[in-house]
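According to Swiss-Prot, the protein carries these features:
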ACT_SITE  TYR842  active site, O-(5'-phospho-DNA)-tyrosine intermediate
BINDING   ASN120, ASN149, 177-179, 190-197, 418-420  ATP binding site
BINDING   ASP583, ASP585  Mg(2+) 2 binding site
COMPBIAS  1-17  compositional bias 'Acidic residues'
COMPBIAS  1133-1153  compositional bias 'Acidic residues'
COMPBIAS  1434-1461  compositional bias 'Acidic residues'
REGION    1-61  region 'Disordered'
REGION    382-389  region 'Interaction with DNA'
REGION    1024-1033  region 'Interaction with DNA'
REGION    1122-1155  region 'Disordered'
REGION    1244-1461  region 'Disordered'
SITE      LYS532  site 'Interaction with DNA'
SITE      ASN535  site 'Interaction with DNA'
SITE      ARG710  site 'Interaction with DNA'
SITE      LYS711  site 'Interaction with DNA'
SITE      LYS760  site 'Interaction with DNA'
SITE      TYR794  site 'Interaction with DNA'
SITE      SER800  site 'Interaction with DNA'
SITE      ARG841  site 'Transition state stabilizer'
SITE      ILE893  site 'Important for DNA bending'
SITE      TRP968  site 'Interaction with DNA'
Amino acid sequence: MSESESDYFTDGSEDDFVPTSKKSTKKNASSKSKQPLGDATNSTVSSSRSSTPKPTNASETYQKLSQLEHILKRPDTYIGSVEKTKTEMWCFDAETESMVFKEVTIVPGLYKIFDEILVNAADNKIRDPSMKNIRVKIDAENNIIEVMNDGKGIPIEMHTKENMYIPELIFGNLLTSSNYDDDQKKVTGGRNGFGAKLCNIFSTQFEVETADLNMGKLYKQSWTNNMSNVSKPKITTLRTKKEYTKITFRPDLSKFDMDCLDNDLLSVLRRRVYDLCGTVKNCNIYLNDKRLNISSFKGYVEMYVKAIKERSPEPEPQDGTIKNFTTIVHEVFNDRWEVAFAVSDGSFNQVSFVNSIATTSGGTHVKYVSDQIINKLVETLSKKEKGKKKLMIKPQEVRDNMFLFINCLIENPAFTSQTKEQLTTKVSQFGGKDKFVANDNLINRILKTSIVDKIRAIANANEDKALQKADGSRKSRIKGQVNLVDANKAGTKDGHNCTLILTEGLSAMNLAVAGLSVVGRDYYGCFPLRGKLLNVREASADQISKNAEINSLKQIIGLQHKKVYTAENIKSLRYGHIMIMTDQDQDGSHIKGLIINFLETSFPGLLDIPGFLLEFITPIVKVTVKARGAGGKRVIPFYTMPEFEHWRDTEGKQCRWTQKYYKGLGTSTPMEAREYFTALDRHLKRFHALQGEDKDYIDLAFSKKKADERKEWLQGFLPGTHLDPEITEIPISDFINKEFILFSMSDNVRSIPSVLDGFKPGQRKVLYGCFKKKLRSEIKVAQLAGYVSENTGYHHGEQSLVQTIIGLAQNFVGSNNINVLKPNGSFGSRAAGGKDFSAARYIFTELSEITRKIFNPLDDPLYTYVQDDEQTVEPEWYLPVLPMILVNGAEGIGTGWSTNIPSYNPKDLVTNIRRLMNGEELQEMTPWYKGWGGDLEPMGPQKFKVSGRIEQIDSNTVEITEIPVKTWTNNVKEFLLSGFGNEKTQPWIKDMEEHHTTSIRFVVKLTDAEMQKSLRIGLLERFKLVSSLSLANMVAFDPMGRIKKYNDVLEIIKDFYYVRLEYYQKRKDYMTDNLQNQLLMLSEQARFIKMIIEKQLSVANKKKKQLVALLEEHNFTKFSKDGKPIKSSEELLTGDDADEEEETQEQEGDEDVGNTSVANIQEGEPEQAAHVPETIYSSYDYLLGMAIWSLTYERFMRIMQQRDQKEAELNALLSKSAKDLWNQDLDEFLAEFDKFLLRDEQERESLASNGKKKSTKRRAKATATKDQPNNKKVKVEPKEKKSTSAKPIVKKEASNEPQASSSSKPKEKDDILSFFSSSSSSAKKTTKPSGRATSNKEIETITLFSDDDDDEDIFNLNSSSSTKVKKEAKSRSATPAAEKSKKSKSSGKQSILDELEDLEILGNFDKPEPKERRTRETASTTKRNTKKKPVIIDSDDEDEDEEDDIVMSDGDDDDDFIVDE
């Protein structure tokens, strides 16, 4: 033995060693083979088979080995393979002093015994944190390895049970360990009691040296011959104050079939020493007396990253394409977890340590960390890169680009084997308070590395691969597309000349197919889209690849994913053009936009080809003009509403026409489709090739990442924006900004109210329907929903409309401050926030009395009404007398925008409006909710604290008497019930009682301790009776129709104020014009009558043209049908055109009278209103159409009197300003609002006093009463003027208030607008004789000249001869043809001249004798579909006789006249 060897070991004399056992000594003495352990054993077995006979009994077959024998016999179970193995692994290159990843040939078992000693040294740092050094010496030449640490030494004392020193017990006896107590949680590497003993067993010499400072002793002992021989321990006095433990061993190379420690093994052993630099904190590591310069785990990791960079075949780009390729993301999470991340070179790498053990095969700890990082990376990238869609990438593909470094401490770790290469401990058993969590900080730092580019590249490649599966090609035939009508030339060499028509559904496809009969099937194909195309910009590749519509389009057109198309290679497609054929509405625009988005995103270049994308337009309106003469009818199509409106206001005034709206393609007939395709150039429009900012606008419209920019884009939208219908080539940016934006706005329009009336369109439609129906008596909500849906063009389902109606009628606390509809039934309560309403078929509603005080009917003619198909529906907005958006508040969520506006006290609003009128500064207002008794406290400029009410009523009882507004009773109850506790929580409420009526009252009992706790916390806070109210999101459509965010409530008031004031001026101007027109008309009628009476004007025996010329000669003013003076005769039909129009009207009058039988009316075909032009004759209808009873002196005087009255009204109106009119409305509103509040308070007090809600009274049927006996006719005496009309049969409800009725209440105002107004040129008044059952029709009269009294006269006149009327009515109803024969010779239009001739009293006005008696009652039994109604001219003088009442004819037939015998 060399001198160097004597430094490590004893002299080897026989006195120094004793055999550990006889059996092992003999065994080892006889086996001196230099073969590897495995080979030696196998050769022994094989030789025994050849030379030794087989055992003859079972005892010889079955053997028992000692533990030591078993380890030597089967080493792979304990230390791994003892054969040389080629493997790729990280090593330390001593020459370059760097890590390298290379293929080496090592014996894993030899590496493992060295590792066991290193782990023991590292474990001692856990036991003794004061340890400072670990020194490793590897003498390859002499085959000697030494590991020393200066931590606490091994106790040098005798083991009481085993009767040997503890160092000998630990290193020389198997299955000895300090780690067997599983109740004690340790984070060391030792586990099974083998460890260093394995190193001893596989060494020819093994020595331990340890210093125990406590005992003051130094202990030395050695083993030889594979731990078979052990020397006696040498114990001496410790001469230093330093403790240490040193292990020196000589590996038994023969057991590993090795002659020496080769370079491959040495490089792995050196790397393992470097591992300690990263895993053992605050400890100096020495290798062969050289201190290693790595002092942290991050520094250790950098060695690997540097090696990765050197291995990379491509240099790191300098242009930023791949960011921070060699960046290390390192983070220490706690004292047990330290993780570093780097980007790998395409395969997953990990270097991990569990309690300083190198887990080269990973394990549960590596999976635990990597899974978290991968999931968070994919999730975050999905949000950042592609919106909310999931990236098409597998976790393993992400893992392949990761290099993870993990240094962790696991309590009592478990491994797959004694080699400890792979951890198997469950995550739940890792121990420690805090485990590793991939937090946002770590993920965000990882996202700054090049892994983002790698993941994106992999995901894109996967997506492309998936999408390419559905690629099309130029085939002559496509299989599996049942709905495809393929062009005959598609897929051939002429395919690029073919056009594919994409239609909106199958119904539109029928229209296209009908058109193909004109252009042929060779170059035109057709395919229907089912619904709306997928937004591919935000969709995942998985969604796109599974979308049937997109796959069909790719196959039909022949599109290939990501192929860049040009004008040259477009011939590779089956179709060279796409024509979009959708409805001309917002949904149609959306479909066009989605197709553009699909092509721009998936097939770059297609939109750069001029003429590739086309659209087919159809008319929105068709006008049928009745041409005169032999020309017949003429049809004029209009493709935009502005175009139609211009024609209507110009050329349309000169002719008779009807209009038909084409809402969708399905409205057109196959014949019309052929007409469209015949004039294909007129109906085709091209989309301009991409230019300028087109791509940016497409991205703006469809990308979720552009949400903020889209919000600003929508905010800049101006109502009335539309594409120019004259352009033949549509720029895509214009399409997005002027057509597609209408669809984008539609959701906001439905969800966000107007600042002017506070309504959304659905609410506005309901109110319009109620006004149109004159809803003064209750109706079922279900019926009202049906009526509104039918009459206002509502297209979203009646159930949604039902909820809107219920919302307008709800009046519980927190709902509406003013409910414009009455809640007659269960409309929901505060308990559930109104969601607990009854079914619509069980509840009733009607207009509240206050509603028309808010929405004055005098404003109705001033609104701009929406056109929906042939219907005129609700106005664009109403103008209430005060801003209802602040009265009832508003909530809604739209696209990119939402709103939340609180409610305010109407009286405060009125005060501020009047302050604005007076030029005073506005006062700040506090939100107010009717009936709510809580507290509101400011918490800043735009926030309020909302508090309920709670009081302590005894030592352990509290009473809740109010809850925060918008917090519902059931929510509070649920919270209180949770206070009773459950299996997981302790109770803190003893008992709870409810005593609610219309108010809130909870009585809650607590324990003494909980009461004290509640008082410390605060009763409001403990019982969650505090919320907040924000003013920071008050969004509404401003008066210009643009979305606007209001900064404060006063800004809303100002926006409302100026528009409302402007419309009061418009109301005054409108009323002034009407009064002036009425004055002029009355004056002209009086002059006409006077000239007839004084025989200055003769109308007898003159033709129409002569009469008109005569009137023009006397400068009589011409009036239109709506009562407005006609300034120029150029606006009228004259000459032959006028004669032909008059003849047409007379003929239609005859047809109408002859076709009034119910049997002749065709069901399902509503009469279409035709526009009838004004003629020179109709302009004098107000004179020549007067009934002959008007030509009396009494009537002349009455008209003069009425003229004076109207003049007085006009002067009174002119004396008032717009503000005066507004103040008058506000006074009336406040008076009604006080009544409204009083009724509400009385109802609540009544319900509270009864302790429960009263049952709803049943709606009484109209039954006979004392004043109105059943089944009896009521005869009204002619001279009595108790009412202006017969009492109608009405349903009555019990009420403390007198019921208003048209028959009993006097007019509150002069009906100024009832005279020839444009919106209602004549107002209908319906009167009905009393009695429950009557066969008489309702008598319809048209109010003119404030004729309340004369209506009564006419009714009395009819009533006085009711018997004759009924008989005549019955006969006319039974025999309409016979009655027609009794008509005068001019049944179409009766002039004064004709009437005088019929009555044979021409020139005699003193004693008129009618030719036959006709009554209004008789005339009403026969339906006449005429446009003009008879007009009653009467006087307001109550002392006039009814004989003076005269009915002015409309000139349509004789039935208009009412005379007395």
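Count begins at 1; order follows the chain as displayed.
From the backbone N, Cα and C atoms, a Cβ is placed for every residue, glycine too.
Taking the features listed in Swiss-Prot, we show where each one sits on the structure.
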residue: THR419; record: ATP binding site; Cβ contacts under 8 Å, 6 or more apart: ILE79, GLY80, PRO108, LYS112
residue: LYS532; record: site 'Interaction with DNA'; Cβ contacts under 8 Å, 6 or more apart: ASP587, HIS590, ILE591, LEU594
residue: ASN535; record: site 'Interaction with DNA'; Cβ contacts under 8 Å, 6 or more apart: LEU594, ASN597, PHE702
residue: ASP583; record: Mg(2+) 2 binding site; Cβ contacts under 8 Å, 6 or more apart: GLU504, ALA508, LYS663, GLY664, LEU665
residue: ARG710; record: site 'Interaction with DNA'; Cβ contacts under 8 Å, 6 or more apart: LEU700, ALA701, SER744, GLY896
residue: LYS760; record: site 'Interaction with DNA'; Cβ contacts under 8 Å, 6 or more apart: VAL749, ARG750, SER751, ILE752, PRO753, GLY892
residue: SER800; record: site 'Interaction with DNA'; Cβ contacts under 8 Å, 6 or more apart: GLY762
residue: TYR842; record: active site, O-(5'-phospho-DNA)-tyrosine intermediate; Cβ contacts under 8 Å, 6 or more apart: LYS780, GLY825, SER826
residue: ILE893; record: site 'Important for DNA bending'; Cβ contacts under 8 Å, 6 or more apart: SER751
residue: TRP968; record: site 'Interaction with DNA'; Cβ contacts under 8 Å, 6 or more apart: GLY814, ARG830, ALA831, ALA832, GLY833
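Ranking the recorded positions LYS197, LYS711 by the number of CB atoms within 10 A of their own CB puts LYS197 at the top.
Every protein chain shown contributes to the tally, and the Cβ of ASP585 (Mg(2+) 2 binding site) ends up with 16 other Cβ atoms within 10 Å. A straight line from the CA of LYS711 (site 'Interaction with DNA') to the CA of ARG841 (site 'Transition state stabilizer') spans 41 Å. Comparing the Cα of GLY195 (ATP binding site) with the Cα of every entry in ASP585, TYR794, ARG841, these being the recorded positions, the smallest distance points to ASP585. Spacing of ARG841 (site 'Transition state stabilizer') relative to TYR794 (site 'Interaction with DNA') is 19 Å (Cα to Cα, whole number).
A helical conformation is recorded for LYS711 (site 'Interaction with DNA') in the three-state DSSP classification.
On the 0 to 100 pLDDT scale, the region 'Interaction with DNA' (382-389) averages 62 in this prediction. Secondary structure of the region 'Interaction with DNA' (1024-1033) per DSSP, as helix, strand and coil residue counts: 0 helix, 5 strand, 5 coil. In the structure shown, the C-beta of GLY195 has more C-beta neighbours within 10 angstroms than that of any other entry among the recorded positions ASN120, GLY195, TYR794, ARG841. According to its DSSP assignment, SER800 (site 'Interaction with DNA') is helical. Reported as a whole number, the C-alpha separation between TYR794 (site 'Interaction with DNA') and ASP585 (Mg(2+) 2 binding site) equals 15 Å. DSSP classifies LYS532 (site 'Interaction with DNA') as coil under the three-state reduction. Spacing of LYS197 (ATP binding site) relative to ASP585 (Mg(2+) 2 binding site) is 86 Å (Cα to Cα, whole number). Comparing ASN120 (ATP binding site) with ASP585 (Mg(2+) 2 binding site), their Cα atoms are 80 Å apart once rounded.
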